[in-house]
Amino acid sequence: MAGHLASDFAFSPPPGGGGDGPGGPEPGWVDPRTWMSFQGPPGGSGIGPGVVPGAEVWGLPPCPPPYDLCGGMAYCAPQVGVGPVPPGGLETPQPEGEAGAGVESNSEGASPDPCAAPAGAPKLDKEKLEPNPEESQDIKALQKDLEQFAKLLKQKRITLGYTQADVGLTLGVLFGKVFSQTTICRFEALQLSFKNMCKLRPLLQKWVEEADNNENLQEICKAETLVQARKRKRTSIENRVRGNLESMFLQCPKPTLQQISHIAQQLGLEKDVVRVWFCNRRQKGKRSSSDYSQREDFEAAGSPFTGGPVSSPLAPGPHFGTPGYGGPHFTTLYSSVPFPEGEVFPSVSVTALGSPMHAN
């Protein structure tokens, strides 16, 4: 870089120089790197108007320093109304209008603004934000249709004598999926979401058709209701019967099938009820015995704290040990800080006899 600049200085006059000497360059030519690096301040000595006008003449900011040169070329951002510096030198200045137009066209064609949004983008956003009137009309029509069908379903159900739970069970018989009474109630009250209403509508429509055409649907629904009730049946035993079962369990915790049938006949219960009760009672006894054994093991292990025995806090005053242990002793309190002299408990006289006695 230094060699190039030295060679340029040898053939280029310094700023403010004449350049008319022998062997000097022509008055209309100057090296761009030398011109960039030797621009004078405004009002000072610089390149004369006969050679090339400087940046101060045009009112432009100074170009970057020489170390920003890339490949021997000085880079300046294209300015509107100013012609670019040709790489070989400046031969003739271009008019401002033509130069400005050329720069604008080159800048627009070479480096378009990447941040500029396309012209059609706002239109697309507006189209997305604005709802389609046809779709809104279709949704409103579907909502009205669902409202009318919900009213029809409720009227048909009440007329045929079905409950909401019966409708759910019948759907399970017809389509293999049982719906709860809450779901049917929310459908009739239009409390389900629009999506769930649309999913449930075809199934209920088929139920309405089957209810009109199939006379045995009521019987099928009753049979399914009995099956579901048997599955969910919860047995309740009276206290008197439970007491008799408890006494029999103490005598024989695991009765045979004959004994179970005999007990069921005596108490007026079903065999399965008696059998299940004895099974549950044995499991309960196992759990209680395991809990008791765990508690005994914990007590036998003792305190988890290491060290000597931990004394329990007792009432203040002297406490005596067992006879023959070594005389009376005092139970250690939790606090190791001695009492003040003014608050010491009154001393109690102790008579050493065969057995410890409290003094009056």
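Here the Cβ of each residue, glycine as well, is placed from N, Cα and C on the backbone.
Pulled from Swiss-Prot:
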type: DNA_BIND; residues: 230-289; note: DNA-binding region
type: BINDING; residues: Arg157, Gln164; note: DNA binding site
type: COMPBIAS; residues: 123-137; note: compositional bias 'Basic and acidic residues'
type: CROSSLNK; residues: Lys123; note: SUMO cross-link
type: DOMAIN; residues: 138-212; note: domain 'POU-specific'
type: MOD_RES; residues: Ser111; note: phosphoserine
type: MOD_RES; residues: Thr235; note: phosphothreonine
type: MOD_RES; residues: Ser236; note: phosphoserine
type: MOD_RES; residues: Ser289; note: phosphoserine
type: MOD_RES; residues: Ser290; note: phosphoserine
type: MOD_RES; residues: Ser355; note: phosphoserine
type: REGION; residues: 1-48; note: region 'Disordered'
type: REGION; residues: 86-137; note: region 'Disordered'
type: REGION; residues: 180-186; note: region 'DNA-binding'
type: REGION; residues: 193-196; note: region 'DNA-binding'
type: REGION; residues: 287-322; note: region 'Disordered'
type: MOTIF; residues: 4-12; note: motif '9aaTAD'
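Sequence features, as recorded in Swiss-Prot, placed on the structure.
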residue	record	DSSP class
Arg157	DNA binding site	helix
Gln164	DNA binding site	helix
Thr235	phosphothreonine	coil
DSSP-wise, what's the residue breakdown of the region 'DNA-binding' (180-186) into helix, strand and coil?
6 helix, 0 strand, 1 coil
Work out how many Å separate Arg157 (DNA binding site) and Thr235 (phosphothreonine) at their Cα atoms, rounded off.
32
How many whole Å apart are the CA atoms of Ser236 (phosphoserine) and Gln164 (DNA binding site)?
27
Far apart in sequence but close in space: which same-chain residues, 6 or more away, have a Cβ under 8 Å from Gln164 (DNA binding site)?
Arg157, Gln181, Ile184, Cys185, Glu188
Across all the protein chains here, work out how many other Cβ atoms are within 10 Å of the Cβ of Thr235 (phosphothreonine).
10
By Cβ count within 10 Å, point out the most packed of the recorded positions listed: Arg157, Ser236.
Arg157
